[in-house]
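Record features, source Swiss-Prot:
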DOMAIN    6-257  domain 'ABC transporter 1'
BINDING   Gly42, Glu43, Ser44, Gly45, Ser46, Gly47, Lys48, Ser49  ATP 1 binding site
DOMAIN    287-526  domain 'ABC transporter 2'
BINDING   Gly319, Glu320, Ser321, Gly322, Ser323, Gly324, Lys325, Ser326  ATP 2 binding site
Amino acid sequence: MTQTLLAIENLSVGFRHQQTVRTVVNDVSLQIEAGETLALVGESGSGKSVTALSILRLLPSPPVEYLSGDIRFHGESLLHASDQTLRGVRGNKIAMIFQEPMVSLNPLHTLEKQLYEVLSLHRGMRREAARGEILNCLDRVGIRQAAKRLTDYPHQLSGGERQRVMIAMALLTRPELLIADEPTTALDVSVQAQILQLLRELQGELNMGMLFITHNLSIVRKLAHRVAVMQNGRCVEQNYAATLFASPTHPYTQKLLNSEPSGDPVPLPEPASTLLDVEQLQVAFPIRKGILKRIVDHNVVVKNISFTLRAGETLGLVGESGSGKSTTGLALLRLINSQGSIIFDGQPLQNLNRRQLLPIRHRIQVVFQDPNSSLNPRLNVLQIIEEGLRVHQPTLSAAQREQQVIAVMHEVGLDPETRHRYPAEFSGGQRQRIAIARALILKPSLIILDEPTSSLDKTVQAQILTLLKSLQQKHQLAYLFISHDLHVVRALCHQVIILRQGEVVEQGPCARVFATPQQEYTRQLLALS
């Protein structure tokens, strides 16, 4: 007989503002058995994360109010538990993995110090005994050369590596229940498969229950025993995974299942001139040792990449985290040093100084993965979008800048009336539209898109892809699209490059590479997607 590990009973949660309370979770009931995985699925703003954070009472009160219902762990109430009881549960019996590891990891401490803190606090282990367990756990979550990485700080890891460290930190305590809030969003498909397999193995070993919050339905198919679908704070459908995918009953569930990226890239203009020509691009970071931090070697992270990109064309750059995708983008932007040839619209860029690059900067723009990090929270939307105009078109008046901001907000599907609001007042998809508007207002020829849809749920992701296609067709934009989501790459890209550990494994027309991959590594990626 299965044992009920966690029971959420008719939970309603609200946020108080002055005299009014806005209900964000409304009468939700969920149950997780020991050894079972329940997937919680829904768009951003549907109440998934608020429900999960309520389990350990991690939401600030005020403004949060628990309006009704209860949450029971092994039959004991968590909503009414003392702080001392909760301290014994948090991170020990119930562990949590958050979506954004840069927020969760301490930037001032090494990996070893942060991981040891978990074992010291929850299991009373001494440093010598803990080191072996830390190395074993890092190795299991796929951190290469774990012993050498213990002295690294979070900023020295790729996004995927940081997420793997977060997962290792949560699993060190061998919890009874794991709450995973979008834990594989930043990971490529091969590492994603490793992490899912690891979670399944640990679940079997520990008989661990798991609440898995995600917008990736392919993961839900592979991992979940049961699925609960949330919309506007309510649980609209709940069933066994196989049944729900085969015959969804609620219209919203049906909409979610039909939101996978699809379609073809926009037709290339004829003739399409070469906009970007890259030859033998190489990036190496110095390795420093000793008291004087002398350079003793170099870590080559991008090795001799060559490609051309035409006006109106999209080139997909695909690979595992740490494969050199984002580093390649930074090198093309001349934000880090590199070797090789970069020619943009006939102009060699490598030997230009900062002042010489300035007139070219507005023609090459970038949209980053996480708008939470790339948008200044202290500026309103008008100030964020017009910032580039202040640098590149300083003669414009404030009124002229505002008119251009209004026009570009219309173009990306944002209400210009919201231009005086701040980033925190928008959803994830809206924030990404703000980032696209900021790039678009300078009328670029090339936009480097670094995982622009990976943190978005499927329905919003489809909307952003449609927007990118329409903007490309209208303005003849070239895109360098960095991604680990092969479904998105197939729908958007004309050409594709597969990277592994900084080297090109395969490149060519997207349709050909997806239909008849020549390399085993490419076939593995396609099989996992």
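Numbering starts at 1 and runs along the chain as displayed.
Cβ atoms are placed via backbone N, Cα and C, with glycine included.
Location within the structure of each feature annotated in Swiss-Prot.
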residue: Gly42; record: ATP 1 binding site; Cβ neighbours (10 Å): 27
residue: Ser46; record: ATP 1 binding site; Cβ neighbours (10 Å): 24
residue: Gly47; record: ATP 1 binding site; Cβ neighbours (10 Å): 24
residue: Lys48; record: ATP 1 binding site; Cβ neighbours (10 Å): 26
residue: Ser49; record: ATP 1 binding site; Cβ neighbours (10 Å): 21
residue: Gly319; record: ATP 2 binding site; Cβ neighbours (10 Å): 26
residue: Ser321; record: ATP 2 binding site; Cβ neighbours (10 Å): 22
residue: Gly322; record: ATP 2 binding site; Cβ neighbours (10 Å): 23
residue: Lys325; record: ATP 2 binding site; Cβ neighbours (10 Å): 25
residue: Ser326; record: ATP 2 binding site; Cβ neighbours (10 Å): 20
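Around the Cβ of Gly324 (ATP 2 binding site), the number of neighbouring Cβ atoms within 10 Å comes to 25. The Cβ of Glu320 (ATP 2 binding site) lies under 8 Å from the Cβ of Gly160, Asp188, Ser190, Val191, His484, Arg500, each of which sits 6+ residues away along the same chain. Using a 10 Å radius centred on the Cβ of Ser44 (ATP 1 binding site) and all shown protein chains, the other Cβ atoms total 18. With the fewest other C-beta atoms within 10 Å around its C-beta, Gly45 stands out among the binding-site residues Glu43, Gly45, Ser323. For Gly319 (ATP 2 binding site), the nearest neighbour among the listed binding-site residues (Glu43, Ser46, Gly47), judged by C-alpha distance, is Glu43. Gly324 (ATP 2 binding site) sits 33 Å from Lys48 (ATP 1 binding site), taking the CA atoms of both as reference points.
Reduced to three states, the DSSP call for Gly47 (ATP 1 binding site) is coil. In the three-state DSSP reading, Glu320 (ATP 2 binding site) counts as coil.
When secondary structure is read from DSSP and collapsed to three states, Gly42 (ATP 1 binding site) falls in the coil class. Considering only the binding-site residues Ser44, Gly45, Ser46, Gly47, the residue whose Cα is spatially closest to the Cα of Lys325 (ATP 2 binding site) is Ser44.
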